[in-house]
Amino acid sequence: MNIILLGPPGAGKGTQASRLVDNRGMVQLSTGDMLRAAVKAQTPIGLKAKAVMEAGELVSDEIVSGIIGEALDGMAAETGVIFDGYPRTQAQAHSLDTILADRGRTLDHVIELDVDEDALVERITGRFTCASCGEGYHDMFKTTKVADTCDKCGGHEFKRRPDDNEETVRTRMAEYRAKTAPILPIYEARNIVSRVDGMADMDEVTVAISTILDGADA
Ligand code: AMP
């Protein structure tokens, strides 16, 4: 099964994708994560993407579709994939069709996480992760149980994304509205879009997504 999780920054795509990885053995392909890794490793792609990402703008379609194609090449055909943060433009949506068709894959679901934008700014600007294991936290909604200590691995170092500040978040949301939301009709025409209330409790969102996926399995 191949699915797209769609929604503005902070909608919970990453959280829900990692739960699908844990619960269903699917693989999460997050272009944001792959680009951040490229920036960290200072690869040619990372060097090109760094400033664009820091400004909250979109990296070129060519680059992101290239990394998605490469990631899929290393994967068994029966492994289910969650596309998280890709596609983000009409050109990427068309590229994804070709990328999947070339590899004998089909797109089964597009799940849109419906959210209130103003609440998202608070969600995003408060988030941080453990520098060792990547566990996600939030200043208000999910603090560590013991101060400055990761609940999962006991690490003491935490990090915040450089693009999680209010100004950049507003740009990222504007990019979503202008370039990403318009790709929904492509998938609506194929009857594969489901909407989930992304403002609901995280566990409820997980159940709602599961119900959609199981409906197709049944
Ligand atoms: P994310 O982690 O999905 O919020 O992505 C972080 C940043 O990486 C975005 O603000 C963009 O600059 C870049 N990015 C991630 N995915 C894409 C994509 N599919 N197309 C263009 N830029 C992307």
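Cβ atoms here come from the backbone N, Cα and C positions, even for glycine.
Noted in TrEMBL for the protein shown:
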type	residues	note
BINDING	Gly10, Ala11, Gly12, Lys13, Gly14, Thr15, Arg127, Ala200	ATP binding site
REGION	30-59	region 'NMP'
BINDING	Thr31, Arg36, Glu57, Leu58, Val59, Gly85, Tyr86, Pro87, Arg88, Gln92, Arg161, Arg172	AMP binding site
DOMAIN	127-163	domain 'Adenylate kinase active site lid'
BINDING	Cys130, Cys133, Cys150, Cys153	Zn(2+) binding site
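Structural mapping of features recorded in TrEMBL.
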| residue | record | Cβ contacts under 8 Å, 6 or more apart |
| --- | --- | --- |
| Gly10 | ATP binding site | Val115, Leu120, Val121, Arg123, Ile124, Arg127, Val169 |
| Ala11 | ATP binding site | Leu113, Val115, Leu120, Gly198 |
| Gly12 | ATP binding site | Leu113, Val115, Gly198, Met202, Val205 |
| Lys13 | ATP binding site | Leu5, Leu6, Gly7, Ser30, Asp84, Gly85, Leu113 |
| Thr15 | ATP binding site | Gly136, Met202 |
| Val59 | AMP binding site | Thr31, Leu35, Lys48, Ala49, Val52, Met53 |
| Tyr86 | AMP binding site | Ile4, Leu29, Ser30, Thr31, Val64, Ile68, Gln92, Leu96 |
| Cys130 | Zn(2+) binding site | Tyr137, Cys150, Lys152, Cys153, Gly155, Glu157, Phe158 |
| Cys133 | Zn(2+) binding site | Cys150, Lys152, Cys153, Gly155 |
| Ala200 | ATP binding site | Ala208 |
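Panel annotation: around the domain 'Adenylate kinase active site lid' (127-163), residues 10, 14-15, 36, 53-54, 56, 169, 172 of the same chain, lying at least six beyond its termini, place a Cβ under 8 Å from a Cβ of the stretch. Selection of the binding-site residues Thr15, Thr31, Val59, Tyr86, Arg88, Ala200 by a Cβ distance under 6 Å from ligand 1 yields, in sequence order, Thr31, Val59, Tyr86, Arg88. When Cβ atoms from all protein chains are considered, those within 10 Å of Arg127 (ATP binding site) total 20, not counting its own. The number of other CB atoms found within 10 A of the CB of Gly14 (ATP binding site), across every protein chain shown, is 20. Spanning the residues Gly10, Ala11, Gly12, Lys13, Gly14, Thr15, Arg127, Ala200 that the record associates with binding ATP, the maximal Cα-Cα distance equals 17 Å. Look at Thr15 (ATP binding site): DSSP puts it in a helix.
Note: Arg88 (AMP binding site) has non-local neighbours Thr31, Leu58, Val64, Glu175, Tyr176, Lys179, Thr180, Ile183, i.e. same-chain residues 6+ apart with C-beta under 8 A of its own C-beta. Long-range Cβ proximity for Glu57 (AMP binding site), meaning a same-chain Cβ under 8 A and a gap of 6 or more residues, is found for Thr171, Glu175. Set side by side, the binding-site residues Cys150, Cys153 differ in how many other CB atoms lie within 10 angstroms of their CB, and the most is found at Cys150. Taking each Cβ in turn and tallying the other Cβ atoms within 10 Å, the top scorer among the binding-site residues Thr31, Arg161 is Thr31. Broken down by DSSP into helix, strand and coil, the region 'NMP' (30-59) contains 23 helix, 1 strand, 6 coil. Break the domain 'Adenylate kinase active site lid' (127-163) down by DSSP state and the numbers are 0 helix, 12 strand, 25 coil. The average pLDDT the prediction assigns to the domain 'Adenylate kinase active site lid' (127-163) is 95.
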